[in-house]
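Undergrad: Structure incoming, see below.
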Amino acid sequence: MNYEFEREIGFINSQPSLAECLTSFPPVGDTFQSSSIKNSTLSHSTVIPPPFEQTIPSLNPSSHPRQSRPKQSPNGTSPLPAATLPPEYPWMKEKKNSKKNHLPASSGPAASCLSQKETHEIPDNTGGGSRRLRTAYTNTQLLELEKEFHFNKYLCRPRRVEIAALLDLTERQVKVWFQNRRMKHKRQTQCKENQNGDGKFKNLEDSGQTEDDEEKSLFEQGINNVTGALLDREGYTFQSNALTQQQAQNLHNGESQSFPVSPLPSNEKNLKHFHQQSPTVQNCLSTMAQNCAAGLNNDSPEALDVPSLQDFNVFSTESCLQLSDGVSPSLPGSLDSPVDLSADSFDFFTDTLTTIDLQHLNY
């Protein structure tokens, strides 16, 4: 049993010699190296498998504490440093560089996209700056372009090529200049329209205010005219009332004028009526009768009926008002309306006037 165990132990201890056997085939490595370098069909993703010792953990000397002693090859060189130092081969270096280049591209596509955008933006910005410098036109070029824009807002391609060749410009420069000029023209027209609209609106407001002022002035003039007419009317009524009062006082004092009245039988009732109303009317009538009798011819049979034409006087409105004031005692109390006469006084006036006219015609 012990012998068998020792044999097994010896077999186990002899396992590292297998690795030494594997590393003792340099022609295989040389052929693989030469083929990988010469063969251009190998992709970058192909990875050379690690050594056989790393794939099998039982063969790995680091996993066994018993294999602490260094292993020596027949040539006297240690195989482990050779296996753990792959950068010695140039094709390994190429593979690592390719892996480093591919891993960031595969792991961060977003970062690569951003970097590409940045790289694209940078030349664009630099190109934009250079383009802005190229937009400096000479006075002659601007003059010719303005003339052409005055006649044609849009250019056809043949004309654009012709102008570009004439002014020593590129076709793109001419096209961009016309685009910018059209936008400028549009802004100018819009500003003018806005200003005109504001001016029209202000003019409308001013016209509306003037119309309102005219209407107000006309209304005020009408009010002033009406008030003036009312004031004149009130003044006229006040003067007429004062005159009527003064004349009424004169009648009461006996200073009244004589009026030609014919003493006809048809007017006797009216005379009696007035005699009963006021005593002053009797004096007036007696004086009028005396004047009429003095002016008549005594020999004529119509001496008591026909008055003389010299003493004939037409009744005026003031005399009528005087008589009405003397006849009716109610009129002095109501002096606001001087034309407010009684029915009896109107009958008296109409009868006297008609009789006088008839007598004049008969005479």
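Glycine is no exception: its Cβ is also placed from the backbone N, Cα and C atoms.
Look at Swiss-Prot and you will find 23-133, 183-216 tagged as region 'Disordered'. Among the features that Swiss-Prot reports, compositional bias 'Polar residues' is placed at 31-46, 55-78. Swiss-Prot lists 88-93 with the feature motif 'Antp-type hexapeptide'. Marked as DNA-binding region by Swiss-Prot: 130-189.
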Undergrad: Do you know the mean pLDDT across the DNA-binding region (130-189)?
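TA: Summing pLDDT over the DNA-binding region (130-189) and dividing by its length gives 90.
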Undergrad: Based on DSSP, tally up the residues of the DNA-binding region (130-189) by helix, strand and coil.
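TA: Each residue of the DNA-binding region (130-189) counted once, the result is 47 helix, 0 strand, 13 coil.
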